[in-house]
Structure formats: C-alpha cells, structure tokens
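> Structure below; questions to follow.
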Amino acid sequence: MFRSLLGKALGFVGYTIQYGCIAHCAFEYIGEFVVCSGPSMEPTIVSHDIVFSERMSRHLYKIQKGDIVIAKSPYDPTMNICKRVIGLEGDKVLTRSDIFTSHTYVPKGHVWLEGDNLRNSTDSRSYGPIPYGLIRGRVCLKLWPIHTFGPLGENPNKQIVKSCKESD
Amino acid sequence: MSQARSSGRRYLKAFVSGFFVAVPVTVTALDRFAYVARVEGASMQPSLNPNGSDSDVVLLNRWSVRNFQVQRGDIVSVVSPRNPQQKIIKRVIGLEGDFIRTLGYKNRYVKVPDGHFWIEGDHHGHSLDSNSFGPVSVGLLHGRASHIIWPPHRWQRISPALPPNRGPLDTARTKTDPVCGHHSYG
C-alpha cells in the first residue's frame, strides 16, 4: 500500500516537472502575456492593458524599426519597460529638446527606444541607447480591453531617423 | 507483417512521447540551472585558458544569478553589449556605486551607475571589456562560472578573487593593502 502511494507521488512529481518545463519553454520561446502600467505609450497602449509579446523575433534577431518591445530596464534589471524601437544600430536619431536639436548615432549592438507619449516618457532620450541583449520580446497583439483587441497601431509621432543604409 | 508494423508504430509513439519529455526538460535545465560553455580567447589568462592551445570548458551556474546578485571578483558570462549574439566571460571588478580607476577608458575615473557593473578580463590589453564599452547593465548577466570541468587536470572550483590592484577605490583600502580572496566587503 505504501509502495503504491510512493509510486503515485513520484508520478505526480514527474508530471509536474514535465508540464512545468513545457510551460517554461512556452513562455521563454513562444510568447508571454504582459500587463502594462504607466502613461508612456499612450495612445497606443494605456495603463492596465494586457498585451501579448512574442519571443521568437528576439531570439532570431529580427526586431525592426517601429516595433514595440518589452525590455529590461537598464537601471534596474528586475523592472521591465515597454517602448517603441525608433532606431537600430548605425542609425542617426534626431533628439529634439525645447531649445535645440542634436543627432545621436546608435552604436553597434544597441537600439534607441522612445515611448509614444513623448511628453511623459523616460526613454532613450534620457538614458541613451540600450543594448539589444536587454530586449525580452516584441509586442504584437493587444488583448484587453476587448474593444481595442487586435494588432497595435503605427507610431503617432513623426521621428526623423536616417538609416545608414538609406543614405547612399 | 502487421505485427512488425504495430511494433514499429509503438516504437514511434514511445520515441515521440520521450522526445516531448526530454527536450523541454533539457532546455529548462539549461536556461534556469546550469550551462556548459567553452571559453575561447586569451582575455582571461592566466585564470582561464592558460595555454593558448587548449580551451577550458566551464560550468555556468544560472540559478545563482536569477536575482542578478553577483560579488566582486566573480567570473561571469554576459551577453556582449556590442554583439547580442555573443557571450563574453569576464571578471566583475565593481558593482553599482563603486568608483573605478579605468585602464584605457575615455574617462580616468568612473562611478558605476545604478543597475550596472564593471567587468574586466584578467589579461589587460587583450580583452574587450568595460575599459572599451563602459559599465555593463546587470540585465545582460547570463551566468556565473563556478567550476572548470575540462580538461581533467584543470578540474577546480572557481572562487571569487579580485586581481591585484584592480578593484573599487574606497577610502578604507590603500594601494599597499594585499588583496586576498576572502576579503569581505561591508
């Protein structure tokens, strides 16, 4: 009797480990659900929206300009930030301040992120370009609220970015 | 004929169900617990790869860095800030808030910002490290090298130790203090 109970307990543990590993692989390589908070991506994403971010683009290094990404914060690795990619490595990004404008080159292996709500967003304009390795996933679908279900919109701001490939 | 076909089908079913158990468990173990990596290059001589010909293989502990906690003197593997497809193995010299006297960086003295750390290879001059690209964000931390597991005559546990004269500048230590592996930082 004890032996069958032990057998059942081991079987239960085995199944838990197996399904736990499958869940880890799904969240790590396919995609995860993210609850966003904060005003920095309005009007595209507002606070308390639920979005789905897929991981494959990040593992295959296919993040493009204009994608909304979830990344680890460069100043606090336990916090995540949700911003739009404005420039990739090698691009020249125009940073506009109240008085003057200046250009920044995005170094190799880095990306330039900005929130859609330019007035209320701490992004690469304050902390500079962030390494590509900090990106976790690309937001591809908004799930909640239901009436805004679907893919996310384009960048509402017109940013001028000269790509090194277009300048020829 | 039908008996061979049914045993072949049974074998295929067993293989597929075994595959769906083995692959997620292995991938999860490599992502969360431990990773094995071959060290290339001479940037960590003489600690790793002391002869140019043989490459050391190290065991990377990923569980101990799940909360991004590292000590000064640890050898860590980090996603390269210059090339996200590559991982680099270097030693942690300074943590956030430390003042570092740099070797060849654009500023002579650097205060390591919040959420960053300063990494250097032991073989200065042959190492692409924080002296080239500055402080590295802790979010890029991949794992901590805990043991050398190949070649067999180099089996050893790697203990955290700062190289002589490389470390954070703090008022309690002067340049003549010996640095030993057991020095504790309050």
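Placement of Cβ uses the backbone N, Cα and C atoms for every residue, glycine included.
What you see is a predicted model, and the numbers here were worked out from it, not measured in a lab.
Per TrEMBL, active site is recorded for B:SER43, B:LYS90. For B:14-101, B:107-150, the entry in TrEMBL reads domain 'Peptidase S26'. Positions annotated as region 'Disordered' by TrEMBL: B:161-186. For B:12-30, the entry in TrEMBL reads transmembrane segment.
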> Which residues, given as numbers and ranges, are at least 6 beyond the ends of the transmembrane segment (B:12-30) yet have a Cβ under 8 Å from it?
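Sequence-distant neighbours of the transmembrane segment (B:12-30): 62.
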> Look at the active-site residues B:SER43, B:LYS90 and tell me which residue has the greatest number of other C-beta atoms within 10 angstroms of its C-beta.
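Going through B:SER43, B:LYS90 one by one, the largest Cβ count within 10 Å is at B:LYS90.
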> Return only the integer: C-alpha distance in Å from B:SER43 (active site) to B:LYS90 (active site).
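Given the Cα positions, B:SER43 (active site) is 8 Å from B:LYS90 (active site).
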> By DSSP assignment, list the helix, strand and coil residue numbers for the domain 'Peptidase S26' (B:14-101), in that order.
19 helix, 26 strand, 43 coil
> Count the residues of the domain 'Peptidase S26' (B:107-150) that DSSP assigns to helix (H, G, I), to strand (E, B) and to coil, and report the three numbers in that order.
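When I sort the residues of the domain 'Peptidase S26' (B:107-150) into the three classes, I find 7 helix, 20 strand, 17 coil.
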